[in-house]
Amino acid sequence: MAAPGLITKFTNCCLLRDHQIIRDDLWVKDGKIIDPMELFYRHKKVYDQVVDCEDALIAPGYIDLQINGGFGCDFSHDIENTEECVSKVAKGILPHGVTSFCPTLVTSGPDVYRKVIPRIKKRPGGEDGATVLGVHCEGPFISPEKKGAHCLSSIKDIDEDSSQALQLIQMYGCLSNIVIVTLAPELPNALNMIEFLAKENIVVSLGHSNANIDISIKGVEKGATFITHLFNAMSAFHHRDPGIVGLLASHYKNVFFGLIADGIHTHPAALRIAHRTHSDGTVVVTDALSALGLPDGIHYLGSKSVEVKNGCAYLAGSDTLCGSITNFAECIRIFKQSTGCSTVEALEAGTLHPAQVLKIENQKGTLNFEADADLIFLNQDLQVLQTWIDGKCVYKRSS
Amino acid sequence: MRLVILDKPNDVAEWAAKYVMKKIKDFNAGPEKYFTLGLPTGGTPLGMYKKLAEYCKNGKISFKYVKKYNMDDYVGLPPDHVQSYHYYMFHNFFKHIDIDPKNVHILDGNATDLEKECDDYEEKIKEAGGIRLFIGGIGPDGHIAFNEPGSSLVSRTRVKTLAHETLEANCRFFDNDITKVPTQALTVGVQTVLDADDVLILITGSSKALALHHCIEEGVNHMWTASAFQQHKHTIMICDEDATQELKVKTVKYFKNLNKIHEKLIEEYESKRISSSMLEFCEK
């Protein structure tokens with residue numbers, strides 16, 4: 001829509017900026033948010049076109065760090081048509097306000113990883129779908145006791161003898177497409193692995209783990225900065241050994257934690273506890289399954305069958321929850337309602353904080369000058385009215 | 001000199017905005033004929049800017065053919081600093097109105113040659129045919145723009161070192177750290193403002209009461225630089241009730257009695273046209 005150099009002014013809107021909601025206009029040029037003062041005084045320009053936002057709240061686009069698939073596609077299961085799957089999900093989540101995401105792979109065998117990971121390339125978003133930030137590998141170095149819905153036989157130990165680089169390459173095929181690895185810090189040799197991944201600038205997330213608080217802290221000291229779906233698939237909070245959950249109240253303030261705020265996986269009271277303990281670390285994730293956006297019935301997660309009933313996903317024929325099918329925008333609304341937090345806090349859990357996890361907060365998750373013009377228009381109820389990527393409108397709710 | 005006394009700061013804002021609007025409309029500005037307007041910053045004129053932005057949004061007035069000249073700015077403060085007058089003018093006024101950035105002139109406190117910047121500014125004003133209407137506020141010590149007490153009343157645009165009191169007063173805008181307050185500013189001179197065809201000075205609040213007293217009830221004095229406007233042909237001082245606290249009852253009563261005449265100064269264009277045609281009719 002916008003030709004090179006064209007300046008668009010978004011007006012009649014409120015903006016989420018600097019932890020506040022302010023009444024102001026937003027200027028965009030060449031897919032970036034720009035400083036209107038510099039434009040005015042230095043370049044002697046005002047704008048070329050105006051977008052009337054009709055009193056919408058403009059927030060940065062949502063960033064989903066954990067999504068297994070959706071719209072019938074599962075990144076770990078549909079391994080023959082990975083590109084198609086990624087594209088389908090990338091496009092499908094635009095109405096949910098998600099402008100960038102990390103396709104997530106559950107614990108799988110090396111054959112799956114090596115086939116799939118090289119084909120999930122980081123790519124900028126646009127009309128065809130949300131930005132692919134890189135793969136989130138959930139496993140295979142996880143605790144068998146906390147495997148959740150993951151496949152037990154694919155879980156791997158970390159070898160002491162061979163180098164971390166070699167093990168990772170043998171497992172994943174390539175590292176350049178991976179941005180997050182979830183692992184259990186209590187596994188033998190896990191701490192060295194954390195250190196290695198952190199040095200490679202891959203975010204280490206603690207999860208699917210039985211770790212006690214001491215090992216969790218060691219994991220953080222070695223470079224882990226994230227916790228995968230807090231409370232789920234980890235040792236429960238105990239007052240003498242709070243486990244991974246205890247990190248929220250530790251001295252390490254740079255630890256973020258994912259919350260599946262679908263109203264099912266994490267009880268509202270648990271969401272409140274997490275938010276009130278460490279609100280700056282809150283990251284909402286969907287952990288969505290292939291059934292996201294699909295009706296009730298049987299679907300697939302990895303090599304397992306999943307049954308969707310009444311908006312929940314279970315391992316077929318059991319009561320084991322195995323991922324969420326609640327979309328991102330809905331998760332943010334549930335998070336806000338459950339915790340009673342402010343709109344700013346709810347939105348930042350889906351924008352600024354996930355960007356900080358990936359250390360891309362200068363480009364995404366913010367409306368600061370120079371950041372990417374990935375925007376969502378929201379109404380009072382935080383429903384997504386429009387989604388913009390790179391300064392282009394990619395979704396508009398039909399009125 | 002006129003003194004318009006109104007009840008509240010909000011009334012002052014509205015009156016001033018209407019006056020500006022009328023001046024621009026009566027001037028009948030166009031591509032060949034720009035209206036030149038001098039503008040202040042600070043807390044007092046905020047309400048006026050808000051009103052003018054509202055009038056502009058409602059299509060009552062256009063700033064397309066208005067050239068704007070600001071009174072002053074700090075030296076060495078980046079333009080995007082929230083206390084810079086570039087920032088103030090953009091966020092409180094310019095971004096809300098239909099103004100062409102090419103017609104905005106603000107003294108650049110980051111210019112490499114500050115003296116040249118000041119001389120050029122005077123030259124630019126001269127080239128534009130002088131200022132039609134200069135709007136200003138005054139400080140509690142009666143200063144106008146950054147013409148601190150003791151400034152020459154025939155001064156021109158120049159670099160001015162700020163008084164210690166001014167630094168202390170501005171401290172609150174700079175993290176309460178006096179070392180962060182700029183110590184110099186570029187400012188138009190008293191004479192620069194005196195050269196304007198019309199001058200409108202806004203004074204609100206009891207903190208300005210003593211200054212108002214000195215500026216209109218005492219003699220012309222460089223220790224109260226705004227008193228220089230006693231000798232200007234068309235100056236309107238406009239204040240609220242609080243600012244009159246140090247004035248004589250006689251003074252207040254005299255000017256309040258003139259309120260009906262003052263109202264005529266901001267009468268809408270349409271009604272004026274009717275009255276003037278009525279006048280023509282009567283003359284016939």
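Even glycines carry a Cβ here, placed using N, Cα and C.
TrEMBL lists A:D287 with the feature active site, proton donor/acceptor.
DSSP gives A:E138 (Zn(2+) binding site) a strand state. With a cut-off of 8 Å between CB atoms and residues at least 6 apart in sequence, the same chain places A:Q66, A:T104, A:L105, A:V106, A:T107, A:H150, A:T182, A:G207, A:H208, A:T228 near A:E138 (Zn(2+) binding site), listed in sequence order. As annotated by TrEMBL, Zn(2+) binding site applies to A:E138, A:H208, A:H229.
Look at TrEMBL and you will find A:A149, A:N232, A:A233, A:R240, A:H265, A:L321, A:C322, A:G323 tagged as substrate binding site. The DSSP secondary structure for A:N232 (substrate binding site) is coil. The Cβ neighbour count for A:N232 (substrate binding site), using a 10 Å radius and every protein chain shown, is 20.
Taken from TrEMBL, the feature domain 'Amidohydrolase-related' covers A:58-394.
Candidate recorded positions: A:R240, A:D287, A:L321. Nearest to A:H229 (Zn(2+) binding site) by Cα distance: A:D287.
For the recorded site, A:D287 (active site, proton donor/acceptor), the DSSP three-state label reads coil. Highest local Cβ density among the binding-site residues A:H208, A:H229, A:R240, A:H265 belongs to A:H208, counted as other Cβ atoms within 10 Å over all protein chains shown. Across the structure, A:L321 (substrate binding site) and A:D287 (active site, proton donor/acceptor) are spaced 12 Å apart at their Cα atoms.
Calculated from their C-alpha atoms, the gap between A:N232 (substrate binding site) and A:D287 (active site, proton donor/acceptor) amounts to 11 Å.
Comparing Cβ neighbour counts within 10 Å across the recorded positions A:A149, A:A233, A:D287, A:L321, the minimum falls on A:L321. Model confidence over the domain 'Amidohydrolase-related' (A:58-394) stands at 93, taken as the mean pLDDT rounded to a whole number.
Neighbours of the Zn(2+) site: apart from A:E138, A:H208, A:H229, residues of the same chain with C-beta atoms within 8 angstroms of the site's C-beta centroid are A:Q66, A:G139, A:I142, A:G148, A:H150, A:T182, A:S205, A:G207, A:T228, A:N232, A:A233, A:D287.
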